[in-house]
Each structure stands twice: as C-alpha cells, then as structure tokens.
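Copied over from Swiss-Prot, here are the features:
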| type | residues | note |
| --- | --- | --- |
| BINDING | 33, 34, 35, 36, 37, 38, 39, 40, 41, 42, 43 | L-glutamate binding site |
| TRANSMEM | 35-55 | transmembrane segment |
| TRANSMEM | 153-173 | transmembrane segment |
| TRANSMEM | 194-214 | transmembrane segment |
| TRANSMEM | 232-252 | transmembrane segment |
| TRANSMEM | 366-386 | transmembrane segment |
| TRANSMEM | 407-427 | transmembrane segment |
| TRANSMEM | 440-460 | transmembrane segment |
C-alpha cells in the first residue's frame, strides 16, 4: 500500500521552525543595515544550494536511509562519512553554550542579578546547572518532554517574536529616533573592511540544518515542483523575520551598549518602557517566557544530534559501550560524553573570553566553523556524485543538468570556504586588546576539533564489530515540527535487549 504523501504546506511546516532564531537577533544587529545584505547572500547563495544538493542525495537509490553519514560515506569513503556526522554532532556541543548564555542573560534581568551574565565564575555555574538539569530531564525519553518543547516554542519563541515585531513597528511608525544610519550606503558592507564581514558567519548559522529535512523529499507530493518552492518560501520567510528581528534590536539599542546574550531583553525593556513606564514587570514576564522557550530548544538538542553518532556506533565505528541505551531509548553513554564536552567548552569560552560579548562571539564562530567542515565534505561528496556516480538512479535532480548542478554546488562550496576563513578575522565589535584572545581560542579549538574524528576513527578497532542494526530513518509523521530540523536527528534509536543499560 502506498504511503500517503505530504503536501507542500505540510513539508514547509516541517522546516519552518528554523526561521525563528530569536537568540541570534543581537548578533545580527551588530551588522546594522548590512543584515539585509547578509541574509540575502546566505539565503540565496548558501541555504538554497545546500537544500537542493541534499535533496538530490537523499533520493539516490540505496542512500535514502542514512542522511549525511550515508551520503558522504558513499562518495568519499567511510572515514569521511564518520567525520561528517561527527562534525554535525560536535557543533552543538559548542552551540549549547551560546543558547545557555542567552538564557542566563534573560534570567539575570528577571532576577535583577547582573553577575549571572557578567561574572565568569557565576556564569559558568549557571551554565552547568541549566545544562545538566536539562540533560538529566531527557534521560526519561524525549516523548515525555515533546509537549514541553512545543509549549516552549509557542510561549517562548513565537509569542515574544510577535510582540517584538509589533512593538518595533509601533516605535518606527511613531517617528522615534533610530540608533543606526539609514541610507543607500548602509545596506552594502564595505568589503575592504574585513572585520565588518566576519558577522556573516552568524547568518550562515541561522540557515544551517536544512539537510535534515531534505530527507523527507521522498514523502513529498510532486517533489520536482514542490521542494524548490518550499525552500524558496522558507528563504523568503527567514529573510523577512530575521531582518525585522535584527533591525528591531539595532534600531533601539546603541551598538556600544548592546549585549549579545541579553540584547533581546534590552530591546523589550527599551520599547515597553518607551510606551509605558509602569510596565517594567511585563519585561520580566517576557524575559521569563523567552528563557523558557530557549530551555525547551536546548532540551530538544540533547538527544537529537547524538542519534547520528549512535547510528555510527551501531555500524561498528565506535566502541561497543556507545551502543548502549536505557529502557527509554536514550543513548546514555553518548549523552554523558556530550555533557562532559559541553562542560569543557563552557569553561574554555566563559573563562577564556571573560564571560562577555567575546565569549558569545567565539562560541558562535566556533559552532559555525565546525559545522562548515561537515558542509565542505557534503559538497565535495556531491561533486563526486555528479561526476563519478552520475549513473546512480535518483528521483530528484538539481536543475540545470551537470552544468547547473556544478554552478549551484560550486557557489555553496565557495561561500562555505569564504565563511570558514572569514570566521578567524576578529569582528569589528570587539576591543583591539581582545583580538588575540579571539583568534587563539578559535584557532586552537578548531584545529583540535578538525582532527579529532580522524583520530577516533583510526584508534578504534573496527574489525569484528559488525553492524548490529541498520539505522532506520525518521518518517515525516515521526517529526516534532516545533523542534529545529538539525536538533531532531535523522534516525530512530533501535533498542536491543542486550544493549540496554542495567541498573
């Protein structure tokens, strides 16, 4: 019996959660009106190439069940396939830090306790309490917290975003002063000033993860027409909402006063008190809502990305103990290792960066460069597919035959290289005496991370460790649309009696 196909709107709804990245608005705001240019650049020349190339790879006969691990393994070999899935997982160990910084910024306002956002030691302790609390809450199974994640998305992300957009619109319509220049020269960045371009990496981060939804193209009605249309609609929505959100922050908060972890709360405070000085309590309510929403997002990331590493363990590429799950189908050893790594990153970034904007910027840049290495492998794998494996059957093709495919993938590949290198240039928004710290933390962390999966792959004896269970890919019906696509993971965790942890 043929499975019911999903409609254009249904497919769009599966991916739409990625367009609301409220905790990135302050970083977008540091680019002032350049944010529109960067959103267009990233959306049209990076997001769309990734989405289209991923869709073609997802429909290749025999590749439909494996995601990026399978795509890269089939084109570049198992070693690089493991590296790709490793980078896709490892980036979130840094990403947790930026999300929790944002939560701490909101809570510091609610509790009127600024040290929670500025004192490195207190900030680190707060990070540990939130992260480990949310991690342990997930050990009972993700089904228990699915409703919490949905509620967090609506209450803590969607509603505050609507309120922010409404307040900002009223502020602008009222003819109130705007903190950034608005003229025809303000839209396009000065390419001779490299330090002003580095913020582009945060815009790339906003678009990352779409390949996780590309796999569902096999369930989509008329994919040749509907998939590109869904992605174009998604880009338009992302550009519109992120431009409004970033501009709202930039317009009301002076650049010198902008906190990257608490900038959204600063914006709510400025706008609400502008209209009514007696509504300070409302700012705290909204800050609490946002903290709740981002906590829900953090909890959704705890298990999802580790599913890819669990699939690698099932294929015998990691030690046997990493195949273990508890009775709730949570890969506890992997999640605990993830937690230890997050703790180490939290210490490095919080104490190394002083717990201020520098820590936040390094964390964002490091997240992006780790993820980008995985995307470079993805694009190289795609080139191998279209030039050396062109005879493989597939149900979707990137438009333009081989020439069009090369141009589209080439643009995405080159922009990935540009974003990777530009990440190591200190941003214009940090003080000159902090530039060396920024570069050293980022460079050392990146080099260690880049070689780590290859060391792990070589050191583990893979002989005799046969695949114990072929990974089973999520269907659209299994997906919680309130969860960011990359946070869902792509595979079911198959519980085997002999691999259940004993109490």
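Each residue, glycine too, has its Cβ placed from N, Cα and C.
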Neighbour-count leader, CB within 10 A, binding-site residues: 33, 35, 39, 41: 35
Touch test for the transmembrane segment (153-173) and the transmembrane segment (440-460), at least 3 Cβ pairs under 8 Å: no
Range from 35-55, 232-252, 366-386, 407-427, 440-460 with the greatest count of C-beta pairs under 8 A to the transmembrane segment (194-214): 35-55
Interface-richest range of 35-55, 232-252, 366-386, 407-427 toward the transmembrane segment (440-460), CB pairs under 8 Å: 366-386
For the transmembrane segment (35-55), distant same-chain residues with Cβ under 8 A (at least six beyond the ends): 28-29, 68, 71, 187-189, 199-200, 203-204, 206-207, 210-211, 214-215, 217, 223, 227-228, 231-232, 234-235, 238-239, 242-243, 246-247, 250, 375, 378-379, 382, 396, 398-399, 405, 408-409, 411-413, 415-416, 419
Binding-site residues compared (37, 43) - the one with the fewest other Cβ atoms within 10 Å: 37
